[in-house]
Structures are given as C-alpha cells and as structure tokens.
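Engineer: This is the feature table in Swiss-Prot:
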| type | residues | note |
| --- | --- | --- |
| ACT_SITE | Arg339 | active site, proton acceptor |
| ACT_SITE | Asp630 | active site, proton donor |
| BINDING | Val117, Arg124, Tyr125, Ser275, Arg312, Pro540 | acetyl-CoA binding site |
| BINDING | Arg339, Glu431, Gly456, Phe457, Leu458, Asp459 | glyoxylate binding site |
| BINDING | Glu431, Asp459 | Mg(2+) binding site |
| MOD_RES | Cys616 | cysteine sulfenic acid (-SOH) |
Amino acid sequence: METYEHVGNLQVATKLITFIEQRALPGTGIKKDDFWSGVQQIITELMPENKMLLAKREEIQATIDAWHQKNKGPIDFSAYHSFLEEIGYLEPIPEHVTITTENVDDEIAAQAGPQLVVPVNNARYAINAANARWGSLYDALYGSNVISEEDGCEKTGTYNPKRGTKVIQFAKDFLDHTFPLTSGSHHEAINYAIMDKQLVVTLESGKMTRLKDETQFVGYQGSQGDPSVILLLHHGLHVEIQIDARHPIGKSDRAKVKDIVLESALTTIMDCEDSVAAVDAEDKVAVYQNWLGLMKGTLEATFTKEGKTKKRKLNEDRSYTAPNGETFSLPGRSLMFVRNVGHLMTTPVIRTQSGEEVPEGILDGIVTSLIAKHDLLQNGTFRNSKKGSVYIVKPKMHGSEEVAFANRLFNRIEDILGLERHTLKIGVMDEERRTSLNLKACIEKVKERVVFINTGFLDRTGDEIHTSMEAGPMIRKGDMKSSSWLSAYERSNVAAGLTCGFQGRAQIGKGMWAMPDLMNEMMEQKGTQLEAGANTAWVPSPTAATLHAIHYHRHHVPAIQKTLADDQTCYRKEILEIPLAGSTDWTNEDIQAELNNNAQGILGYVVRWVEQGIGCSKVPDIHNTALMEDRATLRISSQHMANWLRHGIVSKEQVIRTMERMAKVVDEQNAGDPAYRPMADNLEQSVAFQAALELVLKGTEQPSGYTEPILHRRRLEFKQKIAKELV
C-alpha cells in the first residue's frame, strides 16, 4: 500500500519525498520548502489547463466522428477541409517562423549522426546507450548479418578467422572510401606513423603515401613513430584506427590494426515514456534515480553473462594529441536527452488535497529538470551539456496550443529551479495528426527553445487510424508505409524544419529501424532517411548506431539539406488523404493473416508490459522476426484491429478466437523465460490476456487510441494480484 505525506495542499508519495530530499535536491542550492512550494504552485496553476486541453482533444474527436458518420461514402475533400478549419483542427499557417535557440551543443547543432532511444529505468541499457558514442566497427560487422554467413563465414562459438577476414575487408573498404590515400589502399598499409604533422602510411611496396585530404588527420594516441590510435575526421564524425601488435587481431594484420572505431550515437534519448512501464511511486523513483545517476556520472550496472559477473559504468572522455602537439579530448558518451511523458496520463505519485492524481507530464518535467541541474552546476563526474542546456523531448502533443502549454510549463519549471529562461530545450515529437498539419505553428510556440523535431511513423499511424475511425475500414497495416499521407508527412516535417531555420541549430529526425537483427537490410534502406533531409535517425542498439554511422559518411547531410531548403510546398492536402481501403474484397486468408500478425504483436508486447514491467523489448512477430516493440507499435496494432472490427471486416468472435489462438503461440515463444506466466492455461485469469483483448475490443473508446490507460490499470491490477499471492 502506497504511503503519502502532506506537503502543503498536496499528498506526495513517501518514496518520492525521500528521493527528492535525500538524493535529488542536495547540491542544487534549492531548499526543500522552496522546491515543494514551487511544485504546488505549478500544479495549482497548470493542472486545470492540462485538463482543458485533454477535454478539447475529446471534443474535437467526437466532432470528427460525427462528421464522418453523417458524410458516408467517398470524402468530399473541399467540404472536409472546410470542416476541419471551422472546428480549429487546421490552424492558420504562420508566414515566417525562424527559430532562435541559443546554447545548443554541437552534437545537435553542428554534427549529424545516429540517435539511440533507451528505457532509462534499465541501468544496463542506459549505460550501454550512453557509451555508444563510440563503437567497434569490427564487432558490429562480425556480430551482424551485414557479413554473410555463407562460404564458411558462420558466427561460431569461437572466433572464425574466415569471417574475420570478411569483416576486415569491409572495414578497410570503408577507410578507402572515406579516407582515401594519394596512392594505394589501406588494405596495402603495413605501417601508420606521424611525420611533419602529417599522417604517413607505408604500403607493402615500401612506398610512403598520405591522405588525399590531409586535413582529415586530426589526432593520435601514443608516439608519432608508433601510434596506438590514429584519429580521423569526415563529415563531422570521428573515426579511430586502433593499432596493437600484441592484440590477437592486430597480430595478424599487416599494419597491426586491431580495430576501427566509429563515432556513432552522437545523442541518446533516455526515455521515461513509451519504452518504460512506470505506474506507481516505486517505478517512477526508479526512473528518476537512473536519470540522476546519468547526470552525476555515478550510474553502474552489474549483471551476469556466461557465468561471469560484469559491471558497466559510463565511459571516460578520450584524450588525443593534435598534429601540432597540443592535447585535446572528445566526449566518451552520447549527449543525453530525456523524454518526459505527454499531457495525457496522471500519476498516483502526487495527489491533490481532494485525492485527484496530478498530470504525470508536469511531474516528469519538474523532477527530470531538477536532476539535470546537477549537470548544469557541474556536480557530476562528467558534463552532459557543455553549453549549459537541458534537453527534454516532449511527445504526443496535438497542435500548437498544447506545444504552447509545454512552453509555459518549462517557463515555470525554470522559475522554481532558478534557471535562466530557455535553459530547458524542447524536442517536439511530430507524431500526432494535428501537430503534423500545424507543424509550423507548433514550432513558432517554442521557437526560442526548440532543438528537435522528429517523425514517428508508428504513433502517427495510430493517430491517423483513430482520428478517422468512423470514416471506414483502413488499408492493411503493411500498406501504410507506401501510403500518400505518410510520404507527405515525412517530407512536410523536413520542409518545416528547414524553412524555420533548423539547419546548423537543431535536429530534424527520422524514425526507428525496428528490426535489430536485420542490420544488412538496415544498411540497404536507412540511408534514404538522410537523403530525405534528416540529420539524425533512430536506431535500436549500439551495434545499429555504429553501422548507421556509415550512412553519415556516405551522405553529406548539410549539402542535402541545402538542396532541400527552398521547399515551400504545402503538404496539407496530401497529409489529409485518409488511408481508407478502396476495396475490402480481401480473401479470408488475407484477413486472418492480418489479424494473426496484429494479435501476436499485441499479446507478445502486452504480456511483458503487464506481468513483467518491461516497456520495450524484442518481440518475435508471426514469422519469428524479432521486432523492437514499445507502446507506439502497440497503438497501431490495436487501433488497426479495432478499426476492422468497427467496420465489420472482422467479427468480435473472430477477434477473440484469434487472440486465444495467438496466446498459445506467444506462450511457446516465451517458453525459455523462467519469469514468464503462460496466458493460454487460464485466459480468464490472465491479466495480460484480458488487457490485450480490452485494447482491441475497446479500442475505439481509448483517448486518441492511446494504450497507456489500459496498460497502467492492468499493470497495477497485476501488481496487486502478486502481492496477494505472496501474503
């Protein structure tokens, strides 16, 4: 049972009070009474507006539902457009918007590179992600399917030299392409040395050569005659050639190269939202404790692997000698953002005097900013932001009014924490239809603090389906990726960012590669996101970050953005094209395949969320391909099933039968997990199964199609069930 203490007119969970007063506040210069007084003021001022914005969402949705019910058949675009303008769904487009954000770190403003998103409540994942600033290309290639396992190149229990040869060949091809020599190849190199402030490479023939572009050599470790690391720079990203004649790999290399290490995940989003299951004070404090450990540089994780105990901690900065003899260092860790939750959910961690839960997004904003003040004051082992900023990603906002509300919240947080105005920077997730259609107006509301806009295909598709739920049955889920609205949405996001002056000042991001085991496919496809104008894109693992970094060497992002900067196209008409099925004459087999795929993904994710508190995991799909699943993937799958159910493509009985059958499949896929509770043994008593079923059967009733209300309630129900079993 949660215990609370009265703090002013608030009831605050004892666990949070203890954490704030004993861990988070000391060293910030803020007195506890002043802090809690400020929290009370913010909640009193902003909670009513938060509620009003959510009520407006529901009012708009009900109005749109009614319009579609009244206007059946093919949509009259002109009438539809006028209707959306009348109800304020489509806002006036501001003519000129230029962002003026100051004190933005180079990883955001100057460099282009991969971005990781990781659940902050998992210390090991969070540390691995922060440390993924640098990654071994040899390891990434050897352990992934980028290198084929054909012709004796299998990944075996011990090192496979034949596979290793292919890895080294790929890596040295990368060096030749990215850092070409005036003559010869890195494959022919037998020695790297520094002479007269230049990198000199000796080839097998005895000939000495240099880099075609000598400015690419920027530093080294060791001595000039016998360096242990050569540091190179291309397209703003660093690459290390690591040399060690005693290393097993270096020993067999002509030039004694043991590895090639790439600057990889420039930025990491430490997530409190979609990849996290945090439903009570214990969970929220665990989230905040890890964020504090990251900000102070003290976070550690101990785990057992192959029978051995291993420890992870944050990496130190990397020191080098410049060609002119001066020493310098580069960050050893990603620049960290923190993603707060959106405006929807409330939390039992703080209640009002009348017992009402307070908005979780307000609490996240206050506590994560308080914790980040330690970085601003340089209280930690390392510095996250060298420019004195705090980077907060704000998700799931609908239209400019909600973005303006987030801005006011940030203003008030800065006031109570004693921070200069616009210290708190905002990343705006463009993942809701009303934001996509009004993105320029949204940017205008935060033009002095925005550092990031990002498209999110999955959440955005979930909102696309829910908004137009009453319009008719949607196309199959797999066909969404080639739909016209989605292409326009992606192009519109880039155009808005560049028109508003993001180049050289802020990130324009693209979405996640969701198949962490299919790295060769990622290498073939993900470069298109940079060709489309993004200067960062999401990856699911440190390995993926290192491999995706190669795309930023292949594509010069600033030059691409320059060619796209004049795009003044208004994409509204295309974005408003609802992805309705022109014909619903799918075969029974096609319909069942769609149901099976959706049901299996829903159950595979929900069972871990509800019964293990895991908010992000690799979930095998119907074809046993491992997919990174979080609440965004759950939203699209549950809304798609709910849409087909609503329009009679499938029946309620068919949905239930499919879910029951797929529960057995998911049970089999999880058979090796000792913590797993099978669903199919007792479907009525399985909290996870009932949650998954509810997400579909009551999908049309969920606010904007979000899954959080059901997940949170069912997770708390399961926790209470376990507590009773232990008594």
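Cβ coordinates come from backbone N, Cα and C, glycine included.
In terms of burial and nearby residues, how do these features look in this structure?
Structural biologist: All protein chains shown were included, and the count of other CB atoms within 10 Å of the CB of Arg339 (active site, proton acceptor) stands at 25.
Taking a C-beta cut-off of under 8 Å and a sequence gap of six or more, Asp630 (active site, proton donor) has these contacts in its own chain: Asp274, Ser275, Tyr605, Gly615, Cys616.
Remark: Pro540 (acetyl-CoA binding site) has Met512, Trp513, Ala514, Met515, Pro516, Met628 as non-local neighbours, by Cβ distance under 8 Å and separation of at least 6 in sequence. DSSP assigns Pro540 (acetyl-CoA binding site) to coil, not to a helix or a strand.
In the three-state DSSP assignment, the secondary structure recorded for Leu458 (glyoxylate binding site) is helix.
Under the three-state DSSP scheme, Glu431 (glyoxylate binding site) falls in the coil class.
Other C-beta atoms found within 10 angstroms of the C-beta of Cys616 (cysteine sulfenic acid (-SOH)) number 25, with every protein chain shown included.
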Engineer: Could you check what DSSP calls Arg339 (active site, proton acceptor) once collapsed to helix, strand or coil?
Structural biologist: strand
Engineer: Going by C-alpha distance, which of the binding-site residues Val117, Arg124, Arg312 is nearest to Leu458 (glyoxylate binding site)?
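Structural biologist: Answer for the nearest of the binding-site residues: Val117.
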Engineer: Among the recorded positions Arg339, Glu431, Gly456, Phe457, Asp459, which ones place their C-alpha within 10 angstroms of the C-alpha of Val117 (acetyl-CoA binding site)?
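Structural biologist: Of everything listed, what lies within 10 Å of Val117 (acetyl-CoA binding site) (Cα to Cα) is Arg339.
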Engineer: So how far apart do the glyoxylate binders Arg339, Glu431, Gly456, Phe457, Leu458, Asp459 get, largest Cα to Cα in Å?
Structural biologist: 17
Engineer: Hey, what's the Cβ neighbour count for Leu458 (glyoxylate binding site) at 10 Å?
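Structural biologist: That number is 22.
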Engineer: Please report the three-state DSSP label of Val117 (acetyl-CoA binding site).
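Structural biologist: Assignment for Val117 (acetyl-CoA binding site) reads strand.
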Engineer: Give the distance between the Cα atoms of Arg312 (acetyl-CoA binding site) and Arg339 (active site, proton acceptor), rounded to the nearest whole Å.
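Structural biologist: If we compare the Cα positions of Arg312 (acetyl-CoA binding site) and Arg339 (active site, proton acceptor), the gap is 23 Å.
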